[in-house]
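Chemist: Encoded as structure tokens, here's the structure I'll be asking about.
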Amino acid sequence: MNSTSFSQVENHSIYYNFSEKNSRFLAFENDDCHLPLAMIFTLALAYGAVIILGVSGNLALIIIILKQKEMRNVTNILIVNLSFSDLLVAIMCLPFTFVYTLMDHWVFGEAMCKLNPFVQCVSITVSIFSLVLIAVERHQLIINPRGWRPNNRHAYVGIAVIWVLAVASSLPFLIYQVLTDEPFQNVTLDAFKDKYVCFDKFPSDSHRLSYTTLLLVLQYFGPLCFIFICYFKIYVRLKRRNSMMDKMRDNKYRSSEAKRINIMLLSIVVAFAVCWLPLTIFNTVFDWDHQIIATCNHNLLFLLCHLTAMISTCVNPIFYGFLNKNFQRDLQFFFSFCDFRSRDDDYETIAMSTMHTDVSKTSLKQASPVALKKIHTDDNEKI
């Protein structure tokens, strides 16, 4: 691995494709920019840790859910889809992007040149829209429990639609991504002989900007706004429900339960937004005016933003699985290579799973304090 983040080529400009989500050109002038070996080593350790945690965490989550028949509900089906897409991101995005950013050329062949950005874009789109479907399921469960509720069949149809949309929106990478030695043709240095770069060749800059702007809305701002609205409505409904029970419940118990629910809902939205915000800003700035970013700071800044976004592949299994007691219990069997036990009688209802208990204003007025406590506890388990 080359320790330099940029190649010094006298009187020539070399174009690279660095973005994992939005392909683009970057002209490197006659700058002598180096990343310290200590920095490269630190980044390599960080990327390695994220890859290991992302692959093992999502793989464990998928196996645990698929092994337990009683866990195959709407939310868990969507969680498996989310984990599978995150697994692809951890495998396809992290190692290839990290190596290519630090090297001065592409070494993975023409097929991977096209497949890498295509699979990355597909995986990211699937991950984000899986979060959207989970938000929709929660919204219907809490806001409209007596109305339409998604079942397993709806979940499978939704997943199929997501993958079709993801593949369709990612096709430009498959079409316009090219492997070429064009930037090195006029370079006389031996170090650049038989070297290739992988970048996109859109028909024009306007086509490229239109496409990357569409991805910006499709993969970040649109889903984020929708998810925020869903969780805000859920928060308002739960807060109103808690206020109706103020006089019938122990105040300490009510406060702790409300706090747990609110923290979980807030964490889900914040984790998604915070992880992807740096890379989104970087891509947007670079698309419209790459000269704003100093040449010598480009690689390091991109890797830090990219690494932050990839941390989301580790965060999701924690929020959507490992904070639940069922997964903590099953993980002990998973990592000890023991068989999973069937727990039909004592299996705790997984957080966020669909249940058929709802609370109306009439039932709140008529129910006893003991019954209310039980109903509210069941409702909390649905989140």
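Yeah, the Cβs are placed from backbone N, Cα and C, and that goes for glycine too.
Annotation source Swiss-Prot lists topological domain 'Extracellular' at 1-44, 98-116, 176-211, 282-299. Positions annotated as N-linked glycosylation site by Swiss-Prot, on the basis of sequence analysis: Asn2, Asn11, Asn17, Asn186. Look at Swiss-Prot and you will find 45-65, 77-97, 117-137, 155-175, 212-232, 261-281, 300-320 tagged as transmembrane segment, backed by sequence analysis. The topological domain 'Cytoplasmic' annotation in Swiss-Prot covers 66-76, 138-154, 233-260, 321-383, and the record cites sequence analysis as its basis. Marked as disulfide bond by Swiss-Prot: Cys113-Cys198. Marked as S-palmitoyl cysteine by Swiss-Prot on the basis of sequence analysis: Cys338. What Swiss-Prot records for Ser368 is phosphoserine, and it gives similarity to another entry as the kind of evidence.
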Chemist: Across the topological domain 'Cytoplasmic' (66-76), what is the average pLDDT of the model, as a whole number?
Modeler: 80
Chemist: What same-chain residues lie close to the transmembrane segment (117-137): Cβ under 8 Å, and 6 or more beyond its ends?
Modeler: 17, 20-21, 23, 74-75, 78-79, 81-82, 84-86, 88-89, 92-93, 97, 150, 155, 158-159, 162-163, 165-167, 169-171, 173-174, 177, 200, 215, 218-220, 223, 226-227, 230-231, 268, 272, 312, 316, 320, 352, 354
Chemist: Specify the secondary structure state of Cys198 (disulfide bond) as given by DSSP, simplified to three classes.
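Modeler: Once the DSSP labels are grouped into three classes, Cys198 (disulfide bond) ends up as strand.
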Chemist: Based on DSSP, tally up the residues of the topological domain 'Cytoplasmic' (138-154) by helix, strand and coil.
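Modeler: Helix, strand and coil residues of the topological domain 'Cytoplasmic' (138-154) number 8 helix, 0 strand, 9 coil.
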Chemist: To see if you understand the setup: which same-chain residues, six or more apart in sequence, place their Cβ under 8 Å from that of Cys113 (disulfide bond)?
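Modeler: Listed in sequence order: Trp106, Gln177, Val178, Leu179, Cys198.
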